[in-house]
Amino acid sequence: MSNVCLIGQQYLSGRKPEVFLVPDMKLFAGNATPELAQRVANRLYTSLGDAAVGRFSDGEVSVQINENVRGGDVFIIQSTCAPTNDNLMELVVMVDALRRASAGRITAVIPYFGYARQDRRVRSARVPITAKVVADFLSSVGVDRVLTVDLHAEQIQGFFDVPVDNVFGSPILLEDMLQQELENPIVVSPDIGGVVRARAIAKLLNDTDMAIIDKRRPRANVSQVMHIIGDVAGRDCVLVDDMIDTGGTLCKAAEALKERGAKRVFAYATHPIFSGNAVENIKNSVIDEFVVCDTIPLSDEIKALNKVRTLTLSGMLAEAIRRISNEESISAMFEH
């Protein structure tokens, strides 16, 4: 539990961390996550760099760096969330502008790394590996290092030709879980692929029990059946995942848990994508509360539901940026 205390004391408290930055460190932001970028800057006792990031009349990305960055240690905060292609192009054009302005080192801080779900060819299907394409794209324009949060698949780090620091949002989520008055809690993985994540959370959540939802389709054209492995009757269930897209999987999982006698159901995830019919799914869901991080801004429709609560990763990202700038260990942030 010591890593939880570390995260909580240094990155979640109202007190700003005592951070002393090297003089040539500069922080810039695109238009994807301006509020998160400003929070990170505040945590680092600095201001965002002066850059004009906009569009030409035909929609092309326009970037102009309005201050000296020669020899500087530059960090660009930009999630590649929707509109994914626009935000990705903003990032790479900013990198090119900074490289041509003679920045000493450029770190792309990508809180949410888009295109991560296509990371392999299944059964040699004729499909791209877009995670590799984006990794090559970023490397080719001059990114020296990447800092990201909860990659959908950790092996994506191997697609890059530059160092990648993949930090975890789970300590922030876990800190919030510990502050809730959960009654006889049980951590639930919504699918087999999330078992490792759920097991780690369960261990740190006072070594609580864990359940797994095994989704199966008995035969073609038959509705998917959810088998729950574990006893959830009369307990507060905590569903954990790395992202929520349409929310359909988690909402169906919550229904299955309630049918098995679960008292309350909470959904925790790092990345709030909330695309497609997510608004409708959340509105009609039996989930008591969705808790997410600020790697992606929430739409006004999602905010209006009053069922989604956001935690900030600004403290953790600020500390990671400070450590990278000062050549300190990132992994030490999460050591037990």
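Each residue, glycine too, has its Cβ placed from N, Cα and C.
Feature annotations, courtesy of TrEMBL:
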ACT_SITE  Lys215  active site
BINDING   Asp58, Gly59, Glu60, Arg117, Gln118  ATP binding site
BINDING   His152, Asp191  Mg(2+) binding site
BINDING   Arg217, Asp241, Asp245, Thr246, Gly247, Gly248, Thr249  D-ribose 5-phosphate binding site
DOMAIN    25-142  domain 'Ribose-phosphate pyrophosphokinase N-terminal'
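Overlay of TrEMBL feature records on the structure.
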{"residue": "Asp58", "record": "ATP binding site", "Cβ contacts under 8 Å, 6 or more apart": "none"}
{"residue": "Arg117", "record": "ATP binding site", "Cβ contacts under 8 Å, 6 or more apart": "Ala131, His152"}
{"residue": "Asp191", "record": "Mg(2+) binding site", "Cβ contacts under 8 Å, 6 or more apart": "Ile213, Asp214, Lys215, Thr249"}
{"residue": "Asp245", "record": "D-ribose 5-phosphate binding site", "Cβ contacts under 8 Å, 6 or more apart": "Ile273, Phe274, Ser275, Gly276, Ala278"}
{"residue": "Thr246", "record": "D-ribose 5-phosphate binding site", "Cβ contacts under 8 Å, 6 or more apart": "Phe274, Ser275, Gly276, Asn277, Ala278, Asn281"}
{"residue": "Gly247", "record": "D-ribose 5-phosphate binding site", "Cβ contacts under 8 Å, 6 or more apart": "Phe274, Ala278, Asn281, Ile282, Ser285, Phe290"}
{"residue": "Gly248", "record": "D-ribose 5-phosphate binding site", "Cβ contacts under 8 Å, 6 or more apart": "Asn277, Asn281"}
Top Cα neighbour of Asp241 (D-ribose 5-phosphate binding site) in the set of binding-site residues Gly59, Glu60, Gln118: Gln118
Spatial neighbours of Glu60 (ATP binding site) that are distant in sequence (at least 6 apart) but have CB under 8 A: none
Maximal Cα-Cα distance (Å) across residues annotated as binding ATP, namely Asp58, Gly59, Glu60, Arg117, Gln118: 30
Model confidence over the domain 'Ribose-phosphate pyrophosphokinase N-terminal' (25-142), averaged pLDDT: 95
For the domain 'Ribose-phosphate pyrophosphokinase N-terminal' (25-142), residues assigned helix / strand / coil by DSSP: 42 helix, 28 strand, 48 coil
Residue among the recorded positions Gly59, Gln118, Lys215, Asp241 whose Cβ has the most other Cβ atoms within 10 Å: Asp241
Other CB atoms within 10 A, centred on His152 (Mg(2+) binding site): 17
